[in-house]
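Some notes on the structure that comes next.
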Amino acid sequence: MTADELVFFVNGKKVVEKNADPETTLLAYLRRKLGLRGTKLGCGEGGCGACTVMLSKYDRLQDKIIHFSANACLAPICTLHHVAVTTVEGIGSTKTRLHPVQERIAKSHGSQCGFCTPGIVMSMYTLLRNQPEPTVEEIEDAFQGNLCRCTGYRPILQGFRTFAKNGGCCGGNGNNPNCCMNQKKDHTVTLSPSLFNPEEFMPLDPTQEPIFPPELLRLKDVPPKQLRFEGERVTWIQASTLKELLDLKAQHPEAKLVVGNTEIGIEMKFKNQLFPMIICPAWIPELNAVEHGPEGISFGAACALSSVEKTLLEAVAKLPTQKTEVFRGVLEQLRWFAGKQVKSVASLGGNIITASPISDLNPVFMASGTKLTIVSRGTRRTVPMDHTFFPSYRKTLLGPEEILLSIEIPYSREDEFFSAFKQASRREDDIAKVTCGMRVLFQPGSMQVKELALCYGGMADRTISALKTTQKQLSKFWNEKLLQDVCAGLAEELSLSPDAPGGMIEFRRTLTLSFFFKFYLTVLKKLGKDSKDKCGKLDPTYTSATLLFQKDPPANIQLFQEVPNGQSKEDTVGRPLPHLAAAMQASGEAVYCDDIPRYENELFLRLVTSTRAHAKIKSIDVSEAQKVPGFVCFLSADDIPGSNETGLFNDETVFAKDTVTCVGHIIGAVVADTPEHAERAAHVVKVTYEDLPAIITIEDAIKNNSFYGSELKIEKGDLKKGFSEADNVVSGELYIGGQDHFYLETHCTIAIPKGEEGEMELFVSTQNAMKTQSFVAKMLGVPVNRILVRVKRMGGGFGGKETRSTLVSVAVALAAYKTGHPVRCMLDRNEDMLITGGRHPFLARYKVGFMKTGTIVALEVDHYSNAGNSRDLSHSIMERALFHMDNCYKIPNIRGTGRLCKTNLSSNTAFRGFGGPQALFIAENWMSEVAVTCGLPAEEVRWKNMYKEGDLTHFNQRLEGFSVPRCWDECLKSSQYYARKSEVDKFNKENCWKKRGLCIIPTKFGISFTVPFLNQAGALIHVYTDGSVLVSHGGTEMGQGLHTKMVQVASKALKIPISKIYISETSTNTVPNSSPTAASVSTDIYGQAVYEACQTILKRLEPFKKKNPDGSWEDWVMAAYQDRVSLSTTGFYRTPNLGYSFETNSGNAFHYFTYGVACSEVEIDCLTGDHKNLRTDIVMDVGSSLNPAIDIGQVEGAFVQGLGLFTLEELHYSPEGSLHTRGPSTYKIPAFGSIPTEFRVSLLRDCPNKKAIYASKAVGEPPLFLGASVFFAIKDAIRAARAQHTNNNTKELFRLDSPATPEKIRNACVDKFTTLCVTGAPGNCKPWSLRV
């Protein structure tokens, strides 16, 4: 049968595809076929929003054009017939004119690495196409499906709030009555000049937007016809009528029905499932109809969730409250269901038929008595969605030929009450741990239960109803007795086995009770004054437990020191200059590694990795892979011409030879003609193993004495004497989990063989061009000078591309060498997370001695890190941990030790902070325990033990310019700490089930590589005869603004405008032997190298300036050229006076320190473990800021990354060492709604740093630890909750490991519900996940 043509429009241009493949996504088509590379691949599963585009189509039922955002990574091109697609390139560019959305995110400093920026731009653009004057709330909601790892979100929201009709941001000028700064009474703030000026923004003119293609509009009256598209493996049929659909389903009962592809697409990509026949019913009128009937509202099964949401919101606004109880429950679930990109395309029927055991909506439909109409050819039936509808895992009552036609959501009745609840790791766009719908109907005029339905997701392999428990409550009265009976019944009926998938057994069981308690209280509250004698009364301190989460109006302040009066306007140092690439990033024009156009005859590589943690490789069978179309070759260790040894210590392999030592260990690689063929071929390579004993956890390693190297140790004073003199000694153990880098751009390399003398050029997303160059040369067996590595920019790095990027680069280089073709590989998100490792998990065993006054006299801490299957940077990371075990506190007698645990996990590596945050966290934990034990305020004990200017640290480095006391005082004052502490105490007395906590903590972070030889930098400057300057340096740009700062440095040094200076890329043939862009030192060392090069140029131009003092820069340059004076020079810098000895505990480990203080306030829900970040104040000493906008962006971004580390991000490993959390659906980084409602950052004034370029300081890593202020505020709130249930025992010490997830918070708030759900694991039980 002949395939149809696919017709759609992209940015106003008609596209006719004669060979549409159903397996091709819109993202792949845009990037490869149309060359529109502004739309990015971040995850491939619709979880990050980097691929967001706007889709527009004529809606026949509504008789209008509709615009909606969608994930291009999930959208099959076959769904786009007669649809108009708008990408970031289609709304504006730097070559023509930026769209106001693009301009505002760029000028408000909302783009750092820029990889997420096009997707965020398109989410905002789509909102404005639908709502030209949105509210602040609508703006925030528009980004539920977008993630950013760099900025901390504040500048994006603040820039886009200028579009809002209510509370539009004035950028800090204070001239807007709705200014976020005026919303809070705070007279302690001295306003700085604004980070941006909204008056410079172009106005939004909705009349200037591109029109919907007239050709598509002319087709609105043409009846749609059935379409058929034939791909390599899949046939796609677009049915146009219900009869066609039912006939097709009868002919192809095994066919999958797809509307939004948000589920099937995931199964095909990540579970390697193949569905040869797909039928799309999205056009069928009956499946899109909405009918308001006498018993409820009926929705066609293909209705998008966003349209369901809109309809229900309208109904709630119009109908009496009593009729809309169920609607409001559905809306509460939809509110947090997913981002708009998913809700706009995912169908209501698809969500039901998917039959997910953790569905947000199915428990609501089951509890409410929702009715489903099911049809097939010749049959039609209506069934209630009750406990029988899901007979088993992922199964429904539908027969093979049946389809779901419509869903009727009922009106609620008189005396009927309904609630829905969901708890996830993150509030926005997250899958549920437990979800539920709850309904009670009372006998008329009484509080006697007539019907009770409690339905849950996440408590079995399907959505279930607690029938045993509910049936016992019929005719009972709604009172405390019923509450106790239901809770006891649920605890017994809804049990989970200790090895249940998803883990978190006690947490999930407790949630079932907590949710019912909330429902019970909510019903009592609604009953209010009408409650009868037999109905319980609502305790006023319980009221807040019934409140649903509400977003408060945001308030953001950024304070910095303005430049001195008289500073030249051309001198941009100290000014809030936007990132120089921000406009290109916002328009999609900025080029990342995978954006480089394809080369002729380019091939694609896919890695083959181990599925065992520790095993011998018995055989590798590639026969099935060879059958895949486009297969070129399989590469193994036998194909390597040079050395298979790689890694910093030669303890790794390019490809595993005989043994694999972790799940994800690279065994080989498949090369093919397309990425899809390479992926398919890699999946069918068969490896057989002989398993060996594996060590997964830190505890396993300690037990088996499995370590790298010997113990590291720093010791000072007399520990024995210190402990003997102490009034109190507290000892304990603490664990801090790992963290994935989750840079939005995964690892990517393109290798181009040059064909002469082993030459090869590589484009790489790496922080370490030098190691990439040397590792590739070693693997190929050629001199390093034959390998050229080029880095334009990265879409984030955070340490994850310091060494682990070489894993991909050496494999791709080998493929290019073997085939003679250019070869490209960009890892999928799930591969990237599996293979490349992350932040080291730490276990600490500590003992601290202190006086009754809180003065610490002795400290001993043993640190253990999970290094993984190679040394990598683990030794240096442990060194830095030991250097930071004191934080800001003077401890006279101290000993710290460190061991690197050798385990069978992917090697852990550098991550922003580099061991510092782990040790600092441990320090603040024992510090808080000292305060609790002494019965003293924590802030008092911290202050009492704080270093003073000139003190020696435990590693005997003198503290110069110690500004923590200044930061501390300013933070106490600006945060109104003591007044708010009283308010927190008052809140906690008045609220039983919600508690608030407040914490202020300092940080001290050493600046330098701890390996002295790395503290060197080179720069190369070319001045051209037109006066333009090209700067090259050894540092790489990953969003931190390094190139921008280097241009500022050169501009100031040469006294020329920044417009004359350009940095193109980082390459090994311009600046060789460069240290990795890491340790926060790049601005310091490369800034000084650029400065030195500039001084050389100035010295050479000096004679010509003297000859022509009134001349211009161009005149002097031309005169020098004509006099044959070199206008090219290098600059070099080495950091002085470095070199610490562990043997003698002497010498400087660091050049200087960066300091800061943060105060955070949180509110926790004691019943669910949810928490809300209310406010954070940060005071940071960054010296004399080179660029306050970039530095504040680094402070906020680092803080939010730290907030993720300490409260949200959790890696789950199976007992066999396999990573469960391999993408944004299961691994949660902070989202837009995770940041503090009030977010205030102040750069300390008048604190120049004489040790760095233009008196500045490093800023990249130091603020990250301040995210722990949120963790300890949470712990403060938990302490209040525990005290309430333990007769006010405020001196209780309890362990809270990091991260403080909802599970840990809820389990720590011990109460009558948690005691009912204690679960003991049998000794032979294998848990779902391990703490590694």
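Placement of Cβ uses the backbone N, Cα and C atoms for every residue, glycine included.
Pulled from Swiss-Prot, these are the features on record:
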BINDING   CYS43, CYS48, CYS51, CYS73  [2Fe-2S] cluster 1 binding site
DOMAIN    229-414  domain 'FAD-binding PCMH-type'
BINDING   GLN767, PHE798, ARG912, ALA1079  Mo-molybdopterin binding site
ACT_SITE  GLU1261  active site, proton acceptor
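Feature map: annotations from Swiss-Prot on the structure.
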| residue | record | CB count, 10 Å |
| --- | --- | --- |
| CYS43 | [2Fe-2S] cluster 1 binding site | 27 |
| CYS48 | [2Fe-2S] cluster 1 binding site | 30 |
| CYS51 | [2Fe-2S] cluster 1 binding site | 28 |
| CYS73 | [2Fe-2S] cluster 1 binding site | 26 |
| GLN767 | Mo-molybdopterin binding site | 29 |
| PHE798 | Mo-molybdopterin binding site | 32 |
| ARG912 | Mo-molybdopterin binding site | 26 |
| ALA1079 | Mo-molybdopterin binding site | 27 |
| GLU1261 | active site, proton acceptor | 28 |
Rounded mean pLDDT for the residues that make up the domain 'FAD-binding PCMH-type' (229-414): 96
Separation of alpha carbons, GLU1261 (active site, proton acceptor) and PHE798 (Mo-molybdopterin binding site) (Å): 9
CB-centroid shell, 8 A cutoff, [2Fe-2S] cluster 1 site CYS43, CYS48, CYS51, CYS73, site residues removed: LEU27, LYS40, LEU41, GLY42, GLY44, GLU45, GLY46, GLY47, GLY49, ALA50, ASN71, ALA72, LEU74, GLY119, ARG829, PRO1224
Pairwise Cα distance for GLN767 (Mo-molybdopterin binding site)/CYS51 ([2Fe-2S] cluster 1 binding site) [Å, integer]: 24
Binding-site residues near the residue listed as 'active site, proton acceptor' (Cα-Cα within 10 Å), from CYS43, CYS51, CYS73: none
Distance, ALA1079 (Mo-molybdopterin binding site) to CYS51 ([2Fe-2S] cluster 1 binding site) (CA atoms, angstrom): 31
Alpha-carbon distance [ALA1079 (Mo-molybdopterin binding site); CYS43 ([2Fe-2S] cluster 1 binding site)] in Å: 28
Cα-to-Cα gap, ARG912 (Mo-molybdopterin binding site) vs CYS48 ([2Fe-2S] cluster 1 binding site), nearest whole Å: 21
8 Å Cβ shell about GLN767, PHE798, ARG912, ALA1079 centroid, Mo-molybdopterin site members excluded: GLY797, GLY799, GLY800, GLU802, ALA910, PHE911, PHE914, MET1038, THR1077, ALA1078, SER1080, GLY1260, GLU1261
Rounded Cα separation (Å) that holds between CYS48 ([2Fe-2S] cluster 1 binding site) and ALA1079 (Mo-molybdopterin binding site): 28
Pairwise CA distance, CYS73 ([2Fe-2S] cluster 1 binding site) versus ALA1079 (Mo-molybdopterin binding site), rounded so that it is a whole Å: 34
